[in-house]
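Here's what TrEMBL has on this protein:
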type: BINDING; residues: 5, 25, 27, 28; note: Mg(2+) binding site
């Protein structure tokens, strides 16, 4: 099976089944792309039995290829990636994205989540 983000965003329905399925977003960061903001990627995932088996993200501007396979770890341009080991959230940098859903109820939830996150004394 095949699920394309652009067709789903256009309103086409999509149901994830147990069948082997490719999930592809050829312009991940469409809004960034439209506004010439340089954070755009090509994202590809492969799912079997509704569980991700591997994923690939190519960051076009950075010319970096991120890959990960279930049980095998994650890599950037072939170099193994590791988590920082930081366990104290107050010493962390938090990154978030607001999404594109402007439904009033979704906005309430997003802003509530942001308020909770901003009350944590993080670095930034």
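Each position is counted from 1, following the chain as shown.
From the backbone N, Cα and C atoms, a Cβ is placed for every residue, glycine too.
Here the features listed in TrEMBL are painted onto the structure.
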| residue | record | Cβ neighbours (10 Å) |
| --- | --- | --- |
| 5 | Mg(2+) binding site | 16 |
| 25 | Mg(2+) binding site | 19 |
| 27 | Mg(2+) binding site | 16 |
| 28 | Mg(2+) binding site | 19 |
